[in-house]
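> I have a structure I would like to understand better, so I am pasting it below and will then ask my questions one at a time.
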Amino acid sequence: INYVTCSCLHLYFCSGGTPTAKMEVKTSLLDNMIGVGDMVLLEPLSEDSFLDNLRKRFDHNEIYTYIGSVVISMNPYRSLPIYTPDKVEEYRNRNFYELSPHIYALADEAYRSLRDQDKDQCILITGESGAGKTEASKLVMSYVAAVCGKGQEVNKVKEQLLQSNPVLEGESKTLHPNSGGKYMDIEFDFKGDPLGGVISNYLLEKSRVVKQPRGERNFHIFYQLLSGASDDTLKQLKLDRDFSKYNYLSLDSAVVNGLDDAANFRTVRNAMQIVGFMEDEVQSVLELVAAVLKLGNIEFKPESRCNGTDESRIKDKNDLKEMCELLGIEQSVLERAFSYRTVEAKMEKVSTTLNVSQAYYARDALAKNLYSRLFTWLVSRINESIKAQAKTRHKVMGVLDIYGFEIFEDNSFEQFIINYCNEKLQQIFIELTLREEQEEYVREGIEWTNIEYFNNAIICDLIENNQNGILAMLDEECLRPGTVTDETFLDKLNTICAEHQHFESRLSKNSKFLTDHSLPHNCFRIQHYAGKVLYRVEGFVDKNNDLLYRDLSQAMYKANHSLIKQLFPEGNPAKVNLKRPLTAGSQFKTSVGTLMKNLQTKNPNYIRCIKPNDKKASHIFTDSLVRHQVRYLGLMENVRVRRAGYAFRQAYEPCLERYKMLCKKTWPHWRGPAREGVEVLMADLQVPAEEFSYGRSKIFIRNPRTLFFLEERRRQCLQDLATLIQKIYRGWKCRSQFLLLKQSQIVVAAWYRRFAQQKKYQNIKSATTVVQSYTRGWQARKLLRELKYQKRCEEAVTTIAAFWHGTQARMELRRLKQEARNKHAVTVIWAYWQGTKARRELRRLKEEARRKHAVAVIWAYWQGLKVRREYRKFFRANAGKKIYDFTIQRIMQKYFLGLKTTLPSMSPIDKNWPARPYRFLDGVHTELRRIFHLWRCKKYRGQFTEERKAVYEEKLEASEIFKDKKALYPSSVSQPFKGDYLEISKNPKYQKLNSAVDEKVLLADVVNKINRANGKGTARIFLLTKKSVVLADQKTGQVKASVPLPDVASVSVSTQSDGFFALKLKEGSASAVKGDFLLSSEHLIEIITKLHRIGVTAADREQLNIDISDEFLVQFKQDKVCVKFIQGGPKNGSGVSCKRKNNRLLEVSVPTTA
């Protein structure tokens, strides 16, 4: 089915399949227009009518207008309800001219060209400061994010790309919009889903860190930090909320209406977390921002030395001390760097003192470099998080949000290079739009009248020429020996550029009047494409040098802060480079050149932003300001080119494929060349000849109305085709249903006849069964009566016989009972006689026993009387004490004899002990229990061999390290520490590995070495000796790494039931080149215990530090990765799993123990 048939089917099914379904109503560019939506259609065309059209649309909240495919955007300075999700769906997959002008139309056109035609795109957003370029770039990115694919990973990438804006805006934005520029390349896969991005930053206005113009304030992040950070955070950073306590903060604009710094700070923190910043990285960034504020409070005072020279000293060292504490720098090192400067030339070093002005210059230079390098690091860090992971070729969409053209009362070096960048962008616009428009007509053989336009290449050459350009002369002046000032630079410009038609100064030939007071002596003027700009040369040389004393770089490199060494690599004493660094102008020129080359490789899409007034207020349209922007943006020239030429062009093949259904001769297939088919089509449609022209490969349509006419005819044709398809489909559907009903009737009739016959057969069968049952019942009843009669006769005989047998049995029973009664009577009489004899004998024996007992009692009393009479004299004085002592002695004797028989077993873990018989024995009873336990423990220890004793000592040490700290410990208590699990000395497979290790192997086991890239483990043999740790390949036995134990700084494990541990190596050691080791083992407790015992017993090494935490950092080569342990098992299986979340985070899922 061809394309049209598919479209018609789509219309039919979307309409619900009813013949009365209506086509979707679409708002065309020409429908319900306010003014003119496309300036190409403006009649008459003049600058005044152009401005009137913009004003009319602006007053009705129509802020977007077209010039062909170029979008003009007016900043409304307020929120409009034209960016809702419904609007996104409305412009999705629509023709550019199909709906009213909108930035979404351009974004959709660029995205579909990238996705469907595989063309890299770039969106160039240009305009003055405050014209809404940044907001336009956000709208483009949000639209692309809304219309591209969905999914967990895709949504994560989109969220990171969108949230990179708040992070960089907090660091680079001020009330003055052009404090930084940004170009982002968004990379897509073949489906059009975003994979990542790359951000480039251009010219952070770092001079604003130390000094702000009147009415402006410093970068937003300083105010956001002081307003939004918690009290604890400010206390850690040694800051105070009062803005007036910091010299670098401008107080006249510290608080801005409508700007919530506290909420913006929370937004920045949340965005950094989404992008992938670790908590320690966020803290490091805040510490550096606080250090910049502290740096501005350092003040100097002059002091005279004995040799007559002046030097500087710090007034109050409290801020210096707090800054050094934040950055981990020795206070004396930084204090000396502010007082002295060391100059190196070949093999000589000269140290000179700094006066107060030089010290202030060094302080401000350090602040500017610290902040700008921090911003560059942030860009690199964000790029690392959002970069595409796949290595395949990507589709790219570039979004350029960069400085607008600037004309202030006081223009300096920053405005000069900003305007230079805008000149280059205007040159790109000229080359890729105006010139390409004309050249394409000539290339296609279309009759064309050339339009003269201003080419600003001469201005770009004035600035960037490698020999006579202003930047080249500024670099030459900065590198020249001798006294170099801004005045000598201006003199050089007057000498070389005096005759240039776009350069003016007091001494140049283009200056009409030497007495012109609008052109001061220390200034020069350049005729830019946007107008004349007056530049003050004061500060040009210093800002271009961007010089930071080497002493300060080396002092920063000595810091213990995690970021400072990365920001100041030139401070490394081992890599001293005497070569002078590139100037700021050269660096910016190179980056702009790279940007231009990048833009020229992509298909451009233009958004020209215009600010309607300087007050940033809504509903105000300033004619003079808008007229000025229209002129320097070249919008009138663009309209004239589009009107003089053709508004629409398309290759013959797609044009014929799209509109061939409008002509019977070309529908459904055209067999000849595509151009002839288009000619036949246009002739059949009777389109006026002046409305189009035939090129060599394309057809050119002059007026968009002609295009709309073709589209409208095509829509009508599609609707007719849809109706035809509906008719054919409904006929087929009705015939199919009739045949189905007919076939169903035949099937139903057959089934009914079968059912009727089956029912008749069942009735006959049922009747036959009933007759048979009655016949069988009668026969059965007859037989039953005969059987019952026979049974009654048999029962009568049985009853008579039973009565006879019963009579005989009763007679026999009476006889037997009488005989038994006689025998029982004899037995009872004999028993009574025997009882009588026994009772008589018993009475006799009792009487005899009573007599013997009476004799014994009397004898005992007599003996007692004799004893008492004999010993009466001895018992009168101390009889009670002796009786007491005798009683106690007998009780103790009985207690010890009883304890001897009831002692518990000799097992040390047996806690049984006999109960005490008397309360006064409490102390003795407890002490005896303790002594007995100590004695049996000693006897138990005496049975130990030396090897068993060492095992128990290791178990005891493991208990001290891990008990109540790691969930894995209880399960390891019952497992003996074997040590050599591989039997490495006996196994011939490891004979080569055993010979490679000189010392005795204390532990040999197989561990998993965790890969940072994907979190998966690789099996390795782990050998531990008294001197080193060895990792070897499990299959070949080849040694992969050997780490001396002195190089192991610490070991990190989690608190959970996993086997992961990290061997952290000392920084600077030979073993730390490839970073730390993240391993996993089933015998984690034994490995860590043996490592700790070796450190304790070795006299020449420090005790090994063991860190037990659910989150720790591991150094992989140059990067630090956070390993985080969470509860909850993986999706498949119940074991521990390790997964890489991003470039800086490995997440280990540990199953929850029951």
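Keep in mind that glycine also has a Cβ here, set from the backbone N, Cα and C atoms.
From TrEMBL, here are the annotated features:
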- Gly127, Glu128, Ser129, Gly130, Ala131, Gly132, Lys133, Thr134: ATP binding site (BINDING)
- 34-715: domain 'Myosin motor' (DOMAIN)
- 966-1152: domain 'TH1' (DOMAIN)
- 592-614: region 'Actin-binding' (REGION)
> Looking only at residues six or more beyond either end of the region 'Actin-binding' (592-614), which have a C-beta under 8 A from one in the stretch?
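Sequence-distant neighbours of the region 'Actin-binding' (592-614): 54, 58, 69-75, 77, 103, 106, 109-110, 113, 119-133, 136, 140, 183, 185, 200, 202, 396, 398, 400, 404, 420-421, 424, 428-429, 432-433, 620-622, 625-626, 629-630, 633, 635.
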> Hey, which of the binding-site residues Gly127, Gly130, Gly132 is the loneliest by Cβ count within 10 Å?
Gly130
> Find, for the listed binding-site residues Ser129, Thr134, the residue with the lowest Cβ contact count at a 10 Å cut-off, counting only other Cβ atoms.
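Result for the binding-site residues Ser129, Thr134: minimum number of other Cβ atoms within 10 Å at Ser129.
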> Give, as a single whole number between 0 and 100, the mean pLDDT over the region 'Actin-binding' (592-614).
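Its mean pLDDT is 88.
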> Summarise the region 'Actin-binding' (592-614) by DSSP state, stating how many residues are helix, strand and coil.
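Counting residues by DSSP class gives 9 helix, 8 strand, 6 coil.
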